């Protein structure tokens, strides 16, 4: 296949390369710092920060699935990718994206228990419960990616193998196929609907219950701090789920390729960059642990 990417203008390609490179480096550094600080600081060895550690590791893998090939294509004359490489990229993208949905839902549930049932939290969210939820998210995500990748890999592709995207996504591959994609589109639509909608609803309900509990806090300062943290979490989660639902929970894949690319940038590049900032740097315990680790 040949990936068309963003622009044919060489000056725009160089500018995009620099922007994507900066975003990629910041994303990798931010998430690696979270992983190291949580590992080195015993006070952060709680389920909440261990879930955050899982999310950071996932974001590193998720971004690396897309960014390196995207960067090389921005500077290369021939922006090609092999069929096996394309299917591998598609599989890792779908499976890691599904795993992120499950992890975000589990993290929202963890925060719901901590805020709404603080006295029972240590009993409800034990180390064993954390392990089950974390491993379950990863295993379920790995298996979620198999079916879409298998069905798309069995399609026939004609001689015109130009993918109008910056990576091997579902939509441009279905457009490119000369087979009847009706069944494939229906199956992917149903799977996307089940995964994205269920995870988003669970996350949304958890945060709504958290907000209702926050409103009952008598202290104005405590209410403001807690609400600020939860609202920022909800903002990033809504952006991620919103763009993913817009892209995959629709019965047809005939939207503009430029719109597909613009929306795809949000959930492949922007969200992985924002997650370290929103989930860690706005947390007082993490900031203290980061200062202690840097000082040490």
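The backbone N, Cα and C atoms fix where each Cβ goes, glycine too.
According to TrEMBL, the transmembrane segment annotation covers 14-39 (among others).
The annotation domain 'G-protein coupled receptors family 1 profile' is assigned in TrEMBL to 30-279. Looking at the domain 'G-protein coupled receptors family 1 profile' (30-279) alone, the prediction's average pLDDT is 86.
If one looks beyond the transmembrane segment (130-153) by at least 6 residues along the same chain, the residues whose Cβ comes under 8 Å of a Cβ in the stretch are 47, 50-51, 54, 87, 90-103, 106, 109-110, 170, 173-174, 177, 183-184, 187-188, 191, 195. What TrEMBL records for 130-153 (among others) is transmembrane segment.
Marked as transmembrane segment by TrEMBL: 186-215 (among others).
Beyond the ends of the transmembrane segment (227-249), by six or more residues, the same chain brings 97, 100-101, 104, 108, 111, 115, 170-171, 188-189, 192-193, 196-197, 199-200, 203, 207, 210-211, 214, 260, 263-264, 266-267, 270-271, 274-275, 278-279, 282-283 to within a C-beta distance below 8 angstroms of the stretch. Look at TrEMBL and you will find 227-249 (among others) tagged as transmembrane segment.
Counting only same-chain residues 6+ beyond the ends of the transmembrane segment (261-281), those with a CB under 8 A from a CB of the stretch are 6, 20, 23-24, 26-27, 30-31, 33-34, 37, 52, 55-56, 59, 62-63, 66-67, 93, 97, 165-167, 169, 232-233, 235-236, 239-240, 243-244, 246-247, 287, 290. Residues or ranges marked as transmembrane segment by TrEMBL: 261-281 (among others).
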